[in-house]
Amino acid sequence: MATTPSTPRDNWGSRLGFVMAAAGSAVGLGNIWKFPYTAGQSGGGAFLMIYLLFVIFIGFSVMLTEFAIGRKTQRSAVGSFKSTDKRWTFVGFMGVLSGFLIMGFYPVVGGWSLAYIFKVGGGLLNTPEAIGDSFGGFISNPVQPLIWMGIYIALNIAVVIKGISGGIEKAGKVLMPLLFLILIVVAVKGISLPGATAGLEFLFKPDFSKVDSSVVLAALGQAFFSLSLGMGAMITYGSYLKKKENLVQTTAMVVSMDTAVAILAGVAMFPAMFAFAIEPAAGPGLVFVVVPQLFAEMGGTIGMLFALMFFIGLTVAALTSSVSLLEVVVSYLIDEKGLSRKTAVFGASTIMAIMCIFASLSLGGLGPTIFGTGAFDVFDLLTDKVFLAVGGMFICIFAGWRMSRSDLEKEITNDGEVSFPLFGLWYNLVKFVIPFAVAIVAYMGISGGFESGQGPIMLLGIAIIAVIALVSKKL
Ligand code: PFF
């Protein structure tokens, strides 16, 4: 049973509440765990510049589009497309599938972060030379990470079950500013280490000789992932947004906060990394090795307390993001399938937990592989390199070509009450430029992906999209 648009939706309690919740969705492991290691693997400064260009020209526009679609249709990811034009329902389904896939590995890393709160408290920092090995041993252990992942998912369920203004908003409001402050401490400490300037140079001095099509696609994927775009999370959040809120301002605030945290995480990580002679391309373990080492260097109880606060902050940032991922799936099940919130949350979480078990085991070399790639990397590659960007492309095509320009203008300007002088520019970006740009970057990135062995998985992603497009009309 689908709800009618006139059904009153649970609304965000306050203006700041919405901005913090949307920023809570955006700021997460993507900024603090993924951004530094992806930048590290992709050459540093040049990656950062391309990433920033994508954030400004594509990310901002897509986020505004998602908010506008959500608030206009008052529906979640699937319903918003379905209620406008049934042929476009597949974009919503792509979003729900992306929600499942990201939730198939995100809680694994969330669980690591949770575990590190206890590891740091339990004396990890006393033996700085063993920090790197300890991380490798931990994630390849078949049992330990699973337990933490399970606890993480339980926490996630607890927040989502309470509904919109009750759970999500409160968590975001209190803990986001705390995380920001801790990151500043990490950054200041990192920069003060001997040899740290090489890290800042690596991050801010672009070396374009390192750029190829894979780097450009990685930057695009990172922009979408970090801003929670391309899968209807912001459509869903926008559907709960009050009619009088200023969408443009909200978008600008969320995009700037997210970008500030990513850059801050880079500034926190790279100088320390260079000071400790850790390879920039060290990969997914980066935060879990660099940050404890940095606080071990600081020494004593102070070092331990900061490290504790860092991992508490990171866990909460992860939670406010995964809550929105789960919400995309849950609100689909509630709005379109008529399930109760409880059933939807428990049902979806069970499937996600099973996927996470495969993802976690794959890091220890266990479990099935596809084209020689383990579950963790498959879920990550499919979403980060294919579904989110292609989803964002379809969202733009939908808004530009399927919705009326005047409806969009009315929605974004609150019926003419809010001025948005750049409306024409935004509209043309969404209608013409972004679809084209994403298509080119994705095409080149996927072709280039065959050199690194990621190509077959990405092609599989395109095939899955084609299948969803074909069958979604019947669902
Ligand atoms: N933006 C989140 C992060 O940076 O960790 C991840 C994410 C959340 C991606 C929600 C997509 C999404 F819909």
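Glycine is treated like the rest: Cβ placed from N, Cα and C.
Sequence annotations record features per position, and here TrEMBL assigns transmembrane segment to 12-33, 45-69, 90-118, 146-164, 176-196, 216-240, 261-282, 302-333, 345-366, 386-404, 425-446, 452-471.
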Long-range Cβ neighbours of the transmembrane segment (176-196) (under 8 Å; 6 or more residues past either end)
20, 23-24, 27, 32, 261, 264-265, 267-272, 274-276, 291, 294-295, 297-298, 306, 309-310, 313-314, 316-317, 320
Checking 146-164, 261-282, 302-333, 386-404, 452-471 against the transmembrane segment (90-118) for Cβ pairs under 8 Å, the most are found for 302-333
Take the transmembrane segment (386-404) and find every residue of the same chain, 6 or more past its ends, with a Cβ under 8 Å from one of its Cβ atoms.
58, 61-62, 65-66, 68-69, 72, 81, 84-85, 88, 91, 94-95, 97-98, 101, 217, 220-221, 224-225, 229-232, 235, 427, 430-432, 434-435, 438-439, 441-442, 446, 458, 461-462, 465
Same-chain residues at least 6 beyond the ends of the transmembrane segment (345-366) whose Cβ lies under 8 Å from its Cβ atoms:
100-101, 103-105, 107-108, 111, 139-142, 145-146, 149-150, 153, 156-157, 160-161, 326, 329-330, 333, 339, 374-377, 379
Long-range CB partners for the transmembrane segment (261-282) (under 8 A, at least six residues beyond its ends), listed in sequence order, are 27, 30-32, 35-37, 39-41, 44, 48, 51, 132, 179-180, 183-184, 186-187, 189-191, 193-200, 202-203, 226, 289-291, 293-294
Apart from its near flanks, which chain residues at least 6 from the ends of the transmembrane segment (146-164) lie with a Cβ under 8 angstroms of it?
10-12, 107-108, 110-112, 114-115, 171, 240, 315, 318-319, 322-323, 326-327, 330, 341-342, 345-346, 349, 352-353, 356-357, 360-361
With CB pairs under 8 Å as the measure, which of the listed stretches 45-69, 216-240, 425-446 comes out on top against the transmembrane segment (302-333)?
216-240
For the transmembrane segment (45-69), could you work out the same-chain residues 6 or more beyond its ends whose Cβ comes under 8 Å from its Cβ atoms?
38-39, 80, 201-208, 210-211, 215-216, 218-220, 222-224, 226-227, 229-230, 232-235, 237-238, 241, 247-248, 250-252, 254-255, 258-259, 262-263, 266, 392, 395-396, 398-399, 403, 408, 411-412, 426, 429-430, 433-434, 437-438
